[in-house]
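What TrEMBL annotates here:
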- 4-170: domain 'PNPLA' (DOMAIN)
- 8-13: motif 'GXGXXG' (MOTIF)
- 35-39: motif 'GXSXG' (MOTIF)
- S37: active site, nucleophile (ACT_SITE)
- D157: active site, proton acceptor (ACT_SITE)
Amino acid sequence: MNGLVLEGGGMRGLYTAGVLDLFLDRGIVFDYVIGVSAGACNAVSYLTGQRGRNYHVNIDYINDKRYMSAGNFLKDGSLFSEEMMFHTIPKELLPFDYKAFRQSKVPFVACCTSCLTGKPVYHRVTDLEADYKPVLASMSLPLVSKMVPYHGDLLLDGGMADPIPAEKALKDGCDRLIVVLTREKGYRKAPESTLNLAKVLYRKYPKLVNAIAQRHNVYNAQLDLCRKLEDEGRAILINPDEKVCIKRTEKDTAKLDALYHLGYEDARCRADAVEAFLK
């Protein structure tokens, strides 16, 4: 079974958007898709075949204060607006094809982090109109987002507990993986610089704090696993050659546009290899 694994990274997700649009242009499809944070957000428009939608959601609205702003954080507790992202944009401004998503036969899994256990939790999403909360939770960045109550749990960004969920894809039956990463080749994650702030803000959630403290170790181990899978011929990794100088909350549309086109071009250069690998 062919699986697609999508890392997050906030606005670095424009790289992934470019990769996925190239996949749509080439008709590259998968049997299984799992996404984390921005990766989960990008996945849903890929699964509906809405080429360019991920690009326009971000480029067209990143400087709209209704989309992302300190005002949102002060008003509702989250930098990104749930109302804008899951109602106004998909239902009015850039319509999302809810019907196509419901009819998709490709299993889609959104990876989140449980604030109660500090462990990853995985939710199969089949109807984004009726139940978008797992995707909202998956992209709810720590420290700048409120926790998302869901089925008796409290959820945040999946990137804290399972930032590159290749192992989950393997456990779910995939034997060949395409892994899209938003960090450059050779990247190694350092210890979390905001750990002390997290200890204060999440003092009632010690297991979540521990997940944040261990995130760099988990991330680097997952990178090592992905490289091992690539060496064994079980995975292809697509990620930038050079460092991506994009903040998680980047608002410079010229930088974001360039990153999107970098992702598209990198995927174009690998497309023949990807198609041969997936056959």
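Positions of Cβ are set from backbone N, Cα and C atoms, glycine also.
Note that the coordinates shown come from a computational prediction; the quantities given were computed from them, not determined experimentally.
Around S37 (active site, nucleophile), the C-beta neighbours below 8 angstroms that are at least 6 residues distant in the chain are E7, G8, G9, G10, G13, S138, M139, L141, D157, G158, G159. Helix, strand and coil counts under DSSP for the motif 'GXGXXG' (8-13) come to 4 helix, 0 strand, 2 coil. Of all Cβ atoms in the protein chains displayed, 26 besides its own lie within 10 Å of the Cβ of the residue listed as 'active site, proton acceptor'.
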